[in-house]
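Copied over from Swiss-Prot, here are the features:
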ACT_SITE  87  active site
ACT_SITE  156  active site
ACT_SITE  160  active site
DISULFID  27-46  disulfide bond
DISULFID  35-94  disulfide bond
DISULFID  45-171  disulfide bond
DISULFID  102-163  disulfide bond
DISULFID  241-277  disulfide bond
CARBOHYD  37  N-linked glycosylation site
CARBOHYD  70  N-linked glycosylation site
CARBOHYD  103  N-linked glycosylation site
CARBOHYD  123  N-linked glycosylation site
SIGNAL    1-18  signal peptide
């Protein structure tokens with residue numbers, strides 16, 4: 001049997017939660033779609049907020065770690081040759097942006113042993129899939145770009161899964177589950193992510209429309225978007241390309257009705273402002289292909305420079321820069337900052353005082369003092385060819401402060417996630433490469 005056909009032949013089932021005893025959410029049947037309610041919903045275990053927009057994101061990783069891998073090695077590293085792989089399931093906020101790493105007490109450092117726990121592998125008929133079987137499917141379909149696949153699973157749950165309000169541990173208790181702790185939420189996050197991924201079979205959809213991996217052929221943006229939209233209830237789907245203008249990612253946007261455990265996802269149009277794919281000449285390279293005209297992707301990019309405040313209050317004649325603790329000064333010398341590409345997207349921000357993060361308990365203040373990278377936040381950064389660019393957080397590029405730091409004073413700054421930006425001083429953060 002050719003491994004490239006493994007995905008097609010298995011026709012793996014979708015594992016619903018419908019028969020799971022004791023955790024069926026006791027929610028009103030007329031609950032509105034996420035992001036569409038006109039009044040407050042009292043029970044946050046039945047209605048997802050603020051992250052009411054769910055993105056099911058998929059990779060097409062074709063670059064192998066080295067040349068001349070055989071089919072077995074390619075599948076192990078990149079997944080089935082006739083399937084996209086899972087990136088994650090992300091709860092974006094209704095008004096834009098997203099939360100991340102929401103509850104450090106719920107974070108995990110292991111998936112393998114958790115899914116081997118006897119509570120998920122005791123022949124309990126209330127579970128539609130055992131933890132061990134689910135782990136097999138994750139290992140086949142959820143691939144990282146660095147070979148450590150479990151580290152991607154851990155990252156995705158810690159960054160996004162901990163922000164899903166309807167699978168908090170207290171929700172399981174409310175629904176009458178027996179002896180359920182936070183492990184059940186981890187199991188459900190991975191199970192539901194896998195289920196939605198299987199429903200959204202990107203490879204088969206493209207193949208049905210004569211868009212198949214090829215070294216020679218190319219496709220238009222309109223062709224690819226139209227094919228995916230047709231199978232997604234006519235809604236627009238986001239596609240992303242790498243620097244070779246080759247298709248490498250697809251995002252499906254959904255609203256949710258009720259709890260995540262209901263799995264009632266409703267397709268919606270992509271909210272992404274733009275794609276990095278060109279209008280024409282998009283490649284869809286087969287897995288294992290290495291373009292000879294380009295170097296391999298730079299997965300460990302670093303940029304060193306300073307951070308200056310840009311366009312303060314829409315052009316007022318004020319100035320400023322960041323010092324090593326993340327505060328704003330208007331006079332003196334700016335600190336050296338380093339932007340470090342994280343393994344799975346976004347960037348770490350660091351000074352010689354430590355890694356930076358946004359502290360939600362302090363009104364989203366920027367603080368740079370953390371010695372352990374596990375405590376570091378992940379920032380948005382889109383460098384230009386020169387290496388300069390704007391810094392954001394959780395999809396938001398608005399920053400603000402309450403006090404202008406005159407002379408040698410310093411002021412804290414804050415990530416502001418509302419369009420109005422209620423801070424007295426409003427600005428962007430521009431990274432300028434040394």
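A Cβ is built for glycine as well, from the same backbone N, Cα and C atoms used for every other residue.
Here the features listed in Swiss-Prot are painted onto the structure.
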{"residue": "27", "record": "disulfide bond", "DSSP (3 states)": "coil"}
{"residue": "37", "record": "N-linked glycosylation site", "DSSP (3 states)": "coil"}
{"residue": "45", "record": "disulfide bond", "DSSP (3 states)": "coil"}
{"residue": "70", "record": "N-linked glycosylation site", "DSSP (3 states)": "coil"}
{"residue": "87", "record": "active site", "DSSP (3 states)": "strand"}
{"residue": "123", "record": "N-linked glycosylation site", "DSSP (3 states)": "coil"}
{"residue": "156", "record": "active site", "DSSP (3 states)": "helix"}
{"residue": "163", "record": "disulfide bond", "DSSP (3 states)": "helix"}
{"residue": "171", "record": "disulfide bond", "DSSP (3 states)": "helix"}
Report the nearest neighbour of residue 70 (N-linked glycosylation site) in space among the recorded positions 45, 160, 277, comparing Cα positions.
277
Calculate the distance in Å between the alpha carbons (Cα) of residue 37 (N-linked glycosylation site) and residue 156 (active site), and round it to a whole number.
28
Nearest by CA distance to residue 87 (active site): which of the recorded positions is it, out of 46, 103, 156, 171?
156
Residue 94 (disulfide bond) has its Cβ surrounded, within 10 angstroms, by a count of other Cβ atoms equal to 16
Cα separation, residue 46 (disulfide bond) to residue 103 (N-linked glycosylation site) (Å, whole number):
19
For residue 160 (active site), list the number of other Cβ atoms lying within 10 Å of its Cβ atom.
25
Just to verify a number: CA distance, residue 102 (disulfide bond) to residue 123 (N-linked glycosylation site), in angstrom, no decimals.
33
Roughly how many Å lie between the Cα atoms of residue 156 (active site) and residue 163 (disulfide bond), rounded to a whole value?
11
Candidates 94, 160, 163, 171 (recorded positions) - the one closest to residue 27 (disulfide bond) by CA
171
